[in-house]
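Engineer: Summarising the annotation, Swiss-Prot assigns ATP binding site to Gly10, Ala11, Gly12, Lys13, Gly14, Thr15, Arg127, Thr136, Tyr137, Lys199. Annotation comment: Swiss-Prot describes Thr31, Arg36, Glu57, Leu58, Val59, Gly85, Phe86, Pro87, Arg88, Gln92, Arg160, Arg171 as AMP binding site. Annotated Zn(2+) binding site per Swiss-Prot: Cys130, Cys133, Cys150, Asp153, in sequence order. Sequence annotations record features per position, and here Swiss-Prot assigns region 'NMP' to 30-59. Residues annotated as region 'LID' in Swiss-Prot, with sequence analysis given as evidence: 126-163.
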Amino acid sequence: MNIILMGLPGAGKGTQASEIVKKFPIPHISTGDMFRKAIKEETELGKEAKSYMDRGELVPDEVTVGIVKERISEDDAKKGFLLDGFPRTIEQAEALNNIMSELDRNIDAVINIEVPEEELMNRLTGRRICESCGTTYHLVFNPPKVEGICDIDGGKLYQREDDNPETVANRLSVNIKQSKPILDFYDQKGVLKNIDGSKDISDVTKDVIDILDHL
């Protein structure tokens, strides 16, 4: 079972990824984890990726794609994987398609967690962090007992700069633009499964598991 998990920031991908790997014996493979593993193990591609990152440059697609191929070819991923954070561009989607053909495997489902933009704005702009202990709160989902004050140590709560409405709106806009051609690509292949991510977490999980159970 080879799955790609997609969704905009704030859609709850991390939560659903945890639930999927609890139910199915496949590794959750995120782009960040892949890079860290390749760099730590000092593979040729890992060294190459590190040299770009050390210079503050974007890692080129051919290096990223190579690292993905290495990772999904490992023993623990031979019976399937949950890919999160890749592909990010249509070129990467096409490259992944080629890799899967070379490995004589298929992408079985692309799970896309859909949440209305307004709801994502509420989720992402509501985060508050204690400036002394780092505890995270949410104004709607996990508010402090006293507004603006940490329950644990009485520290002042602040909003991260990248959680302000303007920054969040820009981030969502960029992500929507980037993800549309990828979603269209997988829709044409008949593997795109859209999930309503605005439901309760347990209901979203049930919908995801139902789809995967029927693959």
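Note: Cβ is positioned from N, Cα and C throughout, glycine not excepted.
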Engineer: Among the binding-site residues listed here (Arg88, Arg127, Arg160), identify the one with the smallest other-Cβ count within 10 Å.
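Structural biologist: Output over binding-site residues Arg88, Arg127, Arg160: least Cβ neighbours within 10 Å is Arg160.
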Engineer: Mind looking up the mean pLDDT for the region 'NMP' (30-59) in the predicted model?
Structural biologist: 92
Engineer: Using the Cβ centroid of Cys130, Cys133, Cys150, Asp153 as the reference point for the Zn(2+) site, which residues of the same chain not in that list have Cβ within 8 Å?
Structural biologist: Glu131, Ser132, Gly134, Thr135, Asp151, Ile152, Gly154, Gly155
Engineer: For the region 'LID' (126-163), DSSP counts of helix, strand and coil?
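Structural biologist: Helix/strand/coil tally for the region 'LID' (126-163): 3 helix, 13 strand, 22 coil.
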Engineer: Any idea what the Cα distance is from Glu57 (AMP binding site) over to Cys130 (Zn(2+) binding site), rounded to a whole Å?
Structural biologist: 32
Engineer: Can you give me the Cα-Cα distance between Cys130 (Zn(2+) binding site) and Gly10 (ATP binding site) in Å, rounded to a whole number?
Structural biologist: 20
Engineer: Would you mind checking how many other C-beta atoms are within 10 angstroms of the C-beta on Tyr137 (ATP binding site)?
Structural biologist: 19
Engineer: Just jot down the residues in the same chain as Phe86 (AMP binding site), at least 6 apart in sequence, with C-beta under 8 A of its C-beta; none if empty.
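Structural biologist: Set apart from Phe86 (AMP binding site) by at least 6 residues yet with Cβ under 8 Å, we have Ile4, Thr31, Met34, Thr64, Val68, Gln92, Leu96.
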Engineer: Indicate whether Thr31 (AMP binding site) is helix, strand or coil by DSSP.
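Structural biologist: DSSP assigns Thr31 (AMP binding site) to helix.
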Engineer: State the count of C-beta atoms found within 10 angstroms of the C-beta of Glu57 (AMP binding site), not counting that atom itself.
Structural biologist: 9
Engineer: Cα within 10 Å of Tyr137 (ATP binding site) is the criterion; apply it to the binding-site residues Val59, Arg88, Cys150, Asp153, Arg160 and give the hits in sequence order.
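Structural biologist: Those near Tyr137 (ATP binding site) - Cα within 10 Å - are Cys150, in sequence order.
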Engineer: Which residues, sitting 6 or more apart from Val59 (AMP binding site) on the same chain, put a CB under 8 Å from its CB?
Structural biologist: Phe35, Ala49, Tyr52, Met53
Engineer: The record lists Gly10, Ala11, Gly12, Lys13, Gly14, Thr15, Arg127, Thr136, Tyr137, Lys199 as binding ATP. What's the largest Cα to Cα distance among them, in Å, rounded to a whole number?
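Structural biologist: Those residues reach a largest Cα separation of 23 Å.
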Engineer: Report the same-chain neighbours of Asp153 (Zn(2+) binding site): residues 6+ apart in sequence with Cβ closer than 8 Å to its Cβ, ordered by sequence.
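Structural biologist: Residues satisfying the criterion: Cys130, Ser132, Cys133.
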